[in-house]
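Only one structure is covered here, and it is reproduced in the block below.
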Amino acid sequence: MPAVIVVHGGAWAIPNNLAQDSVNGVKAAAREGMSVLKRGGNAVDAVEGAVRTLENNCVFNAGHGAALNTRGEVELDAIIMDGRTLASGAVSCVKNIANPVMEKARAVMEKTVHVMLTGQGANMFAESIGMNTVPTEMLVTQNERKEWEKHKNYVTGVMEDFNSQWAHDTVGAVAVDSAGNVACATSTGGIRNKMVGRVGDSPIIGCGGYADNSSGAVSCTGHGESILKVTLARLILSHIEQGKSVAEASRVSLKYMGDRVQGAGGAISVSPSGQWAATFTTERMAWAAVHNYTLWYGLDPDENLKEPFTY
Ligand SMILES: NC(=O)C[C@H](N)C(=O)O
């Protein structure tokens with residue numbers, strides 16, 4: 001069965017000056033995810049590799065440069081999930097890890113009996129397994145501090161339905177490997193001016209991501225409180241379970257979120273048979289996918305560009 005990787009760089013009103021770098025960034029991450037699969041990695045390795053590439057790209061900055069909360073601090077959230085066993089690992093409110101946050105979520109999945117660690121406990125665990133921690137101020141960039149000074153109001157940004165230049169720190173990936181195993185990963189700095197301790201959708205199982213070999217894998221982005229209310233990742237998978245195509249399930253679920261709670265966002269989805277989709281209701285979302293020796297990518301609604309993919 002041909003393997004598939006799909007990645008996103010966050011659903012929001014990406015300004016023109018970031019458009020090309022965002023597209024290049026998601027293309028590079030999709031290439032990395034596919035090369036992990038080609039080197040014999042499984043779906044979990046591929047989504048981790050792809051998200052790590054996005055986290056390390058300063059256009060997306062899911063760690064260093066992430067959105068600041070009301071106290072001007074970074075608090076990071078991430079999840080990874082393995083569709084074979086439903087094993088998952090998540091961290092929330094992490095303040096002392098630069099990149100990759102994803103590595104830490106995977107360690108929670110593989111080295112603990114828990115699904116999520118938060119705040120101080122997440123940091124203590126990172127130190128106990130020898131991960132590099134940094135003082136939290138080191139994650140704050142001048143650019144983000146400037147943006148934070150400019151718009152000190154969470155609600156105004158969200159009321160604009162994500163059609164503002166806010167909240168650009170979410171990245172994600174979904175994959176199916178040649179054995180038909182699926183996985184998802186999502187990592188974020190959240191939304192600017194969130195309250196201290198606010199946890200968004202990204203690290204919450206079934207909301208920011210879900211992976212199950214019996215239906216597929218999804219990674220979400222957008223207004224976290226809306227995604228949480230409709231449990232977007234699981235909603236998409238439940239439509240797939242009821243017979244909808246991956247694209248239709250994603251479209252219907254995002255439309256439901258818009259109608260029911262007036263929230264905008266995006267999702268990437270893949271089924272165990274290799275169907276995939278990248279769907280969004282925000283102004284833009286940078287996404288890329290590799291399937292059958294073709295690299296697909298886009299940014300604007302209905303944009304579906306392609307080029308040959310070679311190793
Ligand atoms: N840009 C995003 O996707 C933000 C993320 N969903 C959150 O609310 O934390």
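The count begins at 1 with the first shown residue.
Even glycines carry a Cβ here, placed using N, Cα and C.
Those TrEMBL annotations? Automatic predictions, nothing curated.
T170 (active site, nucleophile) falls within neither a helix nor a strand when secondary structure is assigned with DSSP, and so counts as coil. Annotated active site, nucleophile per TrEMBL: T170, in sequence order.
Cβ contacts within 10 Å of G224 (substrate binding site), excluding its own Cβ and spanning all protein chains shown: 29. Annotated substrate binding site per TrEMBL: R198, V199, G200, D201, T221, G222, H223, G224, in sequence order.
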If you skip the near sequence neighbours and keep only those at least six away, which residues in the chain come within under 8 angstroms of V199 (substrate binding site), Cβ to Cβ?
-> D77, S92, C93, T118
In the structure shown, which of the binding-site residues G200, G222 has the fewest Cβ neighbours within 10 Å?
-> G200
G222 (substrate binding site) falls, by three-state DSSP, under strand
Which ones in the same chain are close to D201 (substrate binding site), with CB under 8 Å and 6+ residues apart in sequence?
-> C207, G208, C220, G224, E225, I227, L228, L232
